[in-house]
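Novice: Pasting a structure here, questions to come.
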Amino acid sequence: MDNDRESFIAFTERDDFDKDQKLNSDFYPDPKYGYSLLEICCYHGSVDCFKLLITKFKSEITKTCLQFSFLSGNADIMSECLKAVQPDKECMEYAIISHNIDFVTFLMNEHNIEIDLSNCSTYHNLQAFLVLIDHTNDINNCFLVSVCFNIPSLCEYFISLGADIKTKDDEGQNALFHAAKYNCKEITEFLISHGLDVNSKDNEGNTPLHIAATKNSKEAAKILIANGANINAKDKHKMRPLHWAANCNNLEIADLLISYEAYLNKKDDLGRTPLHYSASKNCIETLKLLIDNGVDMEATDSDGRTPLFIAAQANSKEALEILLSHHAIIQPEFSYYGLTALHFAAIGNSKICAEILLSHRDYKNAKTHGGDTPLHLAALFNSKETAELLISNKVDINATNKDMQTALYFAAEGNSKDTAEILITNGLLVMTRDKYGKTALHYAAENNCIETADLLISNAGDINANDKKGFTALHIAAQKNYKEIAFLLISHAADVNAIELKRKTPLHYAAMNNCIETVELLISNGADINAKDNKEKTPLYYALKKDRKEIAEILLSRGADQVDVQKCSLQ
């Protein structure tokens, strides 16, 4: 970073130095991408360290090296990189970002790389834009981009060249949207004076005021409102400008909208008010503003969640504390399913919010209308940390819901292996049955949850347990063609010839449902090909009856009784 050659040499002489090491950091353009030492030198313009790496360690000059050289602007690094790599459009983008017009014109003139209009506006590079004007006939799009520079005479210039003032981009946005985006007060006035509709809508139903609310463009918003902008206009999802201001925590624009009597409690398509969005994003400033202006704190969205419940699920600690300090209701008076705020904290694995909620009220074993506790939902969503918190608070670990299911059933259904391990380690019983006679293993099989099934089996789960219809976990896996979980069950001695109440084996169900892979697996592990159910029907009979030709061929090739072929032909 500092081009300190001596310190860098000392660093390279350490025993643990790795010339091929990669650095991941939020400081650089793509945090997910690991950058080499040479690429980092190019980013910072550290020319002496760069030369050391390419001479002593023969470090590879990559495309990223060249791209970063246009950003840092070191001519020596750039020259060396150009010997190894051809420049591309990303180089042009970095040249525009650097605001070095010589780099921009070099790439355009010497390498025929076009200047991207959107980059000129995004990075506010007027010089690059002016260069582009001389090399394009795209007057309308140039007019749209010119707006961001907030120079009325520039807009007038394009209009004089014949630009259509009502032209729109691919998103259906005219110049007034762009003016709102960049908070261009003078341009907003100019465009309105030239007849652009302040309530025009883009492809998503947004008005320019929606965009101003999203970008906190207060000055542009004032002009729009003064010229008749609908302060409560709805987009395609029924979101109003105040929804967006709350969602983006744009305090100034939110305050402006409220001062013009924007609706505080109107709901969008998801049933959410602006307060829901402030709570979900932990937008403290707009949250306080809305509360101070009398917003309904108990409004519910389409899933029955109040802003408090949303904050709990999103782990919005500060928002939760503010809502609680204003006496937001914790219990599920308005929830459609009887869920409490603690249930939602469990769903979102919001441990911090769960701790706060438990300190306000002891309802760790609270049940929904269906009897589910917060621990049930922590198990379903694999909310490991929240499950540990609940257990440490002496939750009833073996609590059952109305279907007589413990949290382990939910862990099995959601393949929540980590949480299942915690539950079992803390004494939750593995071998229980729900009202349908099913064990947790049945649900793991039904949902193809291999990891959790393996855990249950290794903790003494009865692999051949039957439910009230006589189904074993293998019946279910065979019926759904879950080959991997069927293999797991068989490898742990599941009975391949187990029968349910109608005396059907797993092979019957695999044949009926055209589960080719599972049929082959069952047969290769000793399944009785000619097993008969209570109607004397074999797997081959059902395969033929349902026109499962490939299954029938497999069964016949493995010795299935051909009498069923005759039976089916007679029917």
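Every residue gets a Cβ built from N, Cα and C, even glycine.
Because the structure is a prediction, the values reported are computed rather than measured.
Okay, these came from TrEMBL:
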type: DOMAIN; residues: 57-131; note: domain 'DUF3447'
type: REPEAT; residues: 171-203; note: repeat 'ANK'
type: REPEAT; residues: 204-236; note: repeat 'ANK'
type: REPEAT; residues: 237-269; note: repeat 'ANK'
type: REPEAT; residues: 270-302; note: repeat 'ANK'
type: REPEAT; residues: 303-328; note: repeat 'ANK'
type: REPEAT; residues: 370-402; note: repeat 'ANK'
type: REPEAT; residues: 436-468; note: repeat 'ANK'
type: REPEAT; residues: 469-501; note: repeat 'ANK'
type: REPEAT; residues: 502-534; note: repeat 'ANK'
type: REPEAT; residues: 535-561; note: repeat 'ANK'
Novice: Below 8 angstroms Cβ to Cβ, which residues of this chain, lying six or more residues outside the repeat 'ANK' (270-302), approach it?
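Specialist: Distant contacts of the repeat 'ANK' (270-302): 237, 240, 242-243, 245-251, 254-255, 258, 264, 308, 310-311, 313-314, 316-320, 322-323, 326, 328-329, 333-336.
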Novice: State the residues, same chain only, that lie 6 or more residues beyond the ends of the repeat 'ANK' (171-203) and have a CB under 8 A from a CB inside it; answer 'none' if no residue qualifies.
Specialist: 121, 143-145, 147-148, 150-152, 155-156, 159, 165, 209, 211-212, 215-224, 227-230, 233, 235
Novice: By DSSP, what is the split of the repeat 'ANK' (370-402) into helix, strand and coil residues?
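Specialist: Going through the repeat 'ANK' (370-402) residue by residue, I get 16 helix, 0 strand, 17 coil.
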Novice: Counting only residues 6+ away from its ends, which parts of the chain sit with a Cβ under 8 Å from the repeat 'ANK' (436-468)?
Specialist: 403, 406, 408-409, 411-417, 420-421, 424, 430, 474, 476-477, 480, 482, 484-485, 488-489, 492-495, 498, 500
Novice: Same chain only, please: residues at least 6 beyond the ends of the repeat 'ANK' (370-402) with a C-beta under 8 Å from a C-beta of the stretch. Say none if there are none.
Specialist: 337-338, 340, 342-343, 345-351, 354-355, 358, 364, 408, 410-411, 413-420, 422-423, 426-429, 432, 434-435
Novice: Can you tell me the mean pLDDT for the repeat 'ANK' (171-203)?
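Specialist: Averaged over the repeat 'ANK' (171-203), the predicted model reaches a pLDDT of 97.
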Novice: For the repeat 'ANK' (171-203), jot down how many residues DSSP puts in helix, in strand and in coil.
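Specialist: Tallying H, G and I as helix, E and B as strand, the rest coil: 16 helix, 0 strand, 17 coil.
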Novice: Per DSSP, how many helix, strand and coil residues does the repeat 'ANK' (270-302) have?
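Specialist: Summed by class, the stretch gives 16 helix, 0 strand, 17 coil.
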Novice: Run through the repeat 'ANK' (237-269) and tell me, per DSSP, how many residues are helix, strand and coil.
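Specialist: Result for the repeat 'ANK' (237-269), in helix, strand, coil order: 16 helix, 0 strand, 17 coil.
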